[in-house]
Every structure is written in structure tokens, then in C-alpha cells.
Amino acid sequence: MPQLRDSGNHSTAPLDAHTKDEIQSFARIFGIETEYGVSVTGSDRPCDAGQTAMMMFQPIVAEARSTNTYIENGSRLYLDVGSHPEYATAEARDPMDALALDAAGELVMRDLALDAQRRLRSIQGAGSTVHVFKNNVDSAGHSFGCHENYLVRRFVPLKTIEQELLPFLITRQLFTGAGRMGEQGFQITQRADFLDEAVSSATTRSRPMVNTRDEPHADPDAFRRLHVIIGDSNRSQWATMMKLATTHLVLCVIEQAGREGKDSGFARFSFADASAANHKVSRDLTGVEASFDMADGTVMEGGAVAIQERYLEIVERFVGQHPEVCSSLPRTDVHEVIRRWRRVIEAFRSGVSETFADKVDWLAKRRLFDMLRNRAGGRLSVSKLEQLDMDYHDVANGALYASLCRRGAMRTLVNESQAHEAIDVPPHDTRAALRGRFIQSARSHNAQYSCDWTRLSLTSPNRMDVTLLDPFDAQPSDRFLTILEALQ
């Protein structure tokens, strides 16, 4: 949930009863920001990625007079620094809603790319093909990101996040890694070689795993927005849902420990060197062979699986003691999340991780690459495998991922019809519903307007605005209704 402008992140009033209830609950707001890579092949002359991205956004500029806008589902669509189109999902209370919005973003990018491709072919030849990659590393070795956002209670110290959440984020890549083929061979994650700090407020001069820049887009006295940078861009919908849901459950444990002034049980898993641990996890395809130097001076054997087992154990016990956690996610079964989490860990522990190749991106790729190598008698080059790797992530013209889905070799949780619906329909139970309603009304009446995550503004004929500081609140205020009436 990136910020367009300062929109009132500093509260001036005491917490109201509704906000106090939210602080005491386990409810959460989720969001996913995805930067896409762009390239063109088959054209009569070289085509710069930045120019192609601008061509993709020409319809956006024609309508919004900017490369930075919000669409009717409440999500943000914009052209990031350089040549990276970016899509940030609207606020969601549930991982399944965030997943649907993320899938909608893939379709939005595909449509923009294919429209640009049609125009490009009339200029640079019929073979011109626009590729839009939902991955994290381009062919030149440049890295770009997929960032998860979680609304976290303000009373949780940042140091606690670093010590207790980061080991989970690093080791969960067993089932959330997107996989990467390179000259050094195949590894689980795309981002491990590019992240050089554990926690930082910077995003340009360093690449932290968790960003601490304080932009809550909510009441800053009550919440902070946890900006997770370590994750890969997933094509697997199962992996996207699981990374959000399991991280939520770990955060619930951490928050409750903060409320009660107790030990969560996670502190003992803190790494001596998070970056070194991240590299080890990414290169241990078994999930059980790596060993880690811990912050307390000990060495932990058993790889990422051993740490994930401990986190699961604590979460499972916690949910049993706090059944209200189950109602924190409106559309996701917490017990089913725990069952899936246990099964994938057990698969690695038992040496049968390939049974999750229909759910985990890096396992799907490895199975595919191994099969193609065998067909070619082991003579498939690294460059050919890298090409196939890129095709897997191409949401515009890629064939591999779509083929896996059609054949049932990759599990989906949101079908294309549901993803198309999510392009126009925001979640009904967050402030995204109000933003989407405002945008739809303003566009239908050709009104001039602007908005960001916490403010909606009607700019012509009369300037009117409303602040939406509570991301959980989907109920229209009198001020909001007055603005809608002004649009009639």
C-alpha cells in the first residue's frame, strides 16, 4: 500500500471505541505490491523496456492524465521508477480476497501488454511480442520486488519483528519460493542473492528483508504497516494464499505476547546473520541439510524444515488456546491453513517434497526442468532453462504456467472468472469498498478527482474531500455520502 502524498498519517484525536476493539482483536489488513518486468522480442528494431512500459500505460494516461492511478477495485496501478509497471492490491481482510485482487492485477497487466503489443506491431513489425514478467530478476540480473503488507498493532516493537518474525519469513520460502535458474544452478528463491540487510527504513540504497519506514495508512497511534520485502512474486495461488495466512498466524502469536507481556516462544529462533541464513535456505533444495548459526551462539541443524516445525508447533498450540483467532479471517479456514502447513513441512521431512509440485512454484519449475532435461538426454543448456524460467512468469505471452494449470499440474484457488470480477469489485468489508464506489461514481460522471489510500478528493467543480483513516471501516460517513451526492 504505497503512498502518493501525505494524507494524514498523524492522528489528532484519542482512539475511538471501534479502533480500540480492532487493537484487541486478531483482525488484519493484507496487501500485495507487485513490480512487473517488461521486455519486447521479435521487433524490427530494439525496443527499450521503459518505452514499452510507457506504451502500456498510454490508455491509463489518456483517462487519468497520469501514470499513477487507482482502479475501480480500489487497487493502485502505476508506473514505478524505471520501466516497472506496479500494481498494489486494495486493502483486504482475508488472504483469499488479497489473492483474488492479485490475480486481477495479472489480468490488468496482461490486457495492457496485449493492447500495447497490437499498437507496437503496426510500428515495429508483426513479430513484436510484449512480455510482462511477474518475477523478481530480469535477464540482466537486475532485481525488483513483490512486497507484502500487514497491518500490525503499534505496541509490537520493531526489534521483536526482526528477532521473532524474520526467521519465519526466511524459512517459509520452502513453500513460498518462486525458484530461479542461473549460472550457479537452481535455487529456491529469486531474491536471496539481492537482499543485503535484515531490517531497514531505506529502499533504494539498501535492500532490506523488512522495511520499517513508518507509513501506516491508518491511525499511527494504533497500528504500523509491516512492509515485507523478502518474498518472491508467486504464480502459484496456493503459495500466495499460504504466505499471507501463515504470516498472519505468526503475527497473532507475537501480538498476543505483546499484549500479555509474555514470551511468544519465537525469540530463540533468531539468526546470528539473517542474510547468511537466507542464502543457505535458498540453496538447500532438501530443506533439511542446512545448519544455522543462531543469535544465542548455538548452531541449529535440520535446515529450514526444523525451524518451520517449531513455528508451526507454537502456532498450533496458540490457536487451540485462542479459538477466536479462527474468526479473524472471514473466508479462510485457519485449521485448514495449519493442516496444509503441516503437510508441506512433513513432505520435506519425509523426502517427498515433489508431491507439492502442483502447489509450490520452485518445485513445479524443478519438476518441469528435470522432465525436459531427461527428454533432451541431459543436453538442455542453462540459457534454455533460463528462457523457460522467464516464460513461466510471463503473464502476457507465457505458455508454461497456463499449460500447467490447464493440465491440473498446478493448483488454482481463484478461477479466471473470479479474477475478472475482482478487477471491478473491491472487497466489501474494508475502506477499499468506499474508494471503489467513489472511483466508479466519479468516472461515470466524468468528474475530476484524486485519491490515495486514506483520502478521496473531488476536485471539480467544487473541491470536497473525505479522510478514510480506518482501513477496516467500509461504512460510508455523512461526508462521504455528501460527496457522492455532489456527483449526481
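For all residues, glycine too, the Cβ spot is worked out from N, Cα and C.
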Identity of the Mg(2+)-site residue among Glu72, Glu86 (reference: Glu33, Tyr78, source: Swiss-Prot): Glu86
Binding-site annotation, Swiss-Prot, ATP: partner of Arg76, Trp453 in Thr52, Thr89, Thr482: Thr89
Cα-Cα distance linking Asp80 (active site, proton acceptor) and Thr89 (ATP binding site), given in Å to the nearest integer: 15
Candidates Arg76, Asp80, Trp453 (recorded positions) - the one closest to Glu33 (Mg(2+) binding site) by CA: Arg76
CB contacts for Arg76 (ATP binding site) [other CB atoms within 10 A, all chains]: 24
Distance from Asp80 (active site, proton acceptor) back to Glu86 (Mg(2+) binding site), taken between C-alpha atoms, in Å: 6
